[in-house]
Amino acid sequence: MEGINGTVFAYGQTASGKTYTMMGQEDQPGIIPQAIDDVFAYIREVFDREYLLRVSYLEIYNETIRDLLNPQQQDLRIHEDRKRGVYVSPLREEIVTTPKQVMKVIQRGEQARSYGSTEYNERSSRSHTVFQMIIESRDKNSGVTIPGRVRGSVTLSQLNLIDLAGSEKAASDLDRRKEGAFINKSLLTLGTVISRLTEDTVKPVSAIHIPFRDSKLTRLLQSSLSGNARVSVIATVSPPLPNLEETTNTLKFASRIKKVVLHAKQNQVLSEKALIQKYKLEIAELRHKLMETNDLLEQERALQDIGLERSIRMQYEERLHEGQLVRTALKERIDHLTRLILSSTSVTPKAILDWNAPLLEAAMAGVGVSHNIYTSPYSIMFM
Ligand SMILES: Nc1ncnc2c1ncn2[C@@H]1O[C@H](COP(=O)(O)OP(=O)(O)O)[C@@H](O)[C@H]1O
Ligand SMILES: [Mg+2]
């Protein structure tokens, strides 16, 4: 919320509880709904800033990115520029104003992922889903002047909540390949990237080649993994004995990733390109136009009162009517834009969840192990 990027991902073999941990169920909501509630609760308590929130939801399957909020869209690519960092385009981003609305967006995304139950299971074990929330905020009191100037800087942060493919898909050895096992390039590369980042070497990290570009997932996570984010990894394991090998692999991955050094910085943009600035400016301009229209209407009315000849009066009346329509349209647009910008007074106090979750709170506070109430499977969280 203060301009620092955050990434949470769930790593573990299929059926070990990744989706359960991230999404949860109605009676036991996961990280995603809790995080959403937290964002809105935070906004409610900050009196001197205003916020704009937008979300996107995508899936990486077979090294192809699919926009779950706009499934027809093809050819999504990863781009990079100095201002925006790494981003996917064209990707639908939706502006959201209530926790419920965010959950609805996610549900819509989930519907785009369902392809019949067998295929769903197979596909969900192979695909990675990335839910992203972009949080823009600015000082409520930093002014806007017309024409075309917005003062003050915008604080920008990204929250990535990621449900990875089953870690058993990271098969890399030749045997598995012979068996025709599916190799998940993104997961495999994630492992390699983490190993490189944590290799014991005298060289500084900047001098080591890290293959972020070898897969879609690592490319997307590049800035987080190379340090500009707070990253939490949830490792989920499944206790039954036949899963021993995968459990060991997951724990190895988790202990390696713990060594990655992060230097999260606060992002500030002066750019007038931030959506919140653009909207503030548009609101100010519309208000200005509204004032002008009001003045004009006043003048017309005054003229009308003078008592003119009928045909001229009809003309004035028509103009008056047009002016009123313009005024209504301007007012509606101003209202609409104003509603998109959130502040402590405009945020709904209605959370998605109405409960206290001491277990997850403990986990979020960085306490090493959080056993779920359930005996199996259970999750471990590394901060
Ligand atoms: N902590 C838990 N408590 C209760 N049920 C769980 C728990 N974790 C996972 N499950 C159940 O186990 C099954 C597999 O979990 P899931 O999250 O789908 O695994 P994954 O996403 O890792 O493949 C699901 O039916 C889920 O509801
Ligand atoms: Mg899953």
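Including glycine, each Cβ sits where the backbone N, Cα and C put it.
Lifted from TrEMBL, the feature list:
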{"type": "DOMAIN", "residues": "1-260", "note": "domain 'Kinesin motor'"}
{"type": "BINDING", "residues": "G12, Q13, T14, A15, S16, G17, K18, T19", "note": "ATP binding site"}
{"type": "COILED", "residues": "276-303", "note": "coiled coil"}
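Among the binding-site residues Q13, T14, A15, K18, residues whose Cβ is positioned under 6 Å from ligand 1 are identified as T14, A15, K18.
Here the Cβ of G17 (ATP binding site) has 21 other Cβ atoms within 10 Å, regardless of which shown protein chain they belong to.
Of all Cβ atoms in the shown protein chains, 29 besides its own fall within 10 Å of the Cβ of G12 (ATP binding site). Contact annotation for binding-site residues (G12, G17, K18) versus ligand 2: K18, each with CB under 6 Å from a ligand atom. A15 (ATP binding site) falls within neither a helix nor a strand when secondary structure is assigned with DSSP, and so counts as coil. Look at the Cβ of each of the binding-site residues T14, S16, T19 and count the other Cβ atoms within 10 Å; the largest number goes with S16. Here the Cβ of Q13 (ATP binding site) has 24 other Cβ atoms within 10 Å, regardless of which shown protein chain they belong to. Here the coiled coil (276-303) returns a mean pLDDT of 87 for the predicted model.
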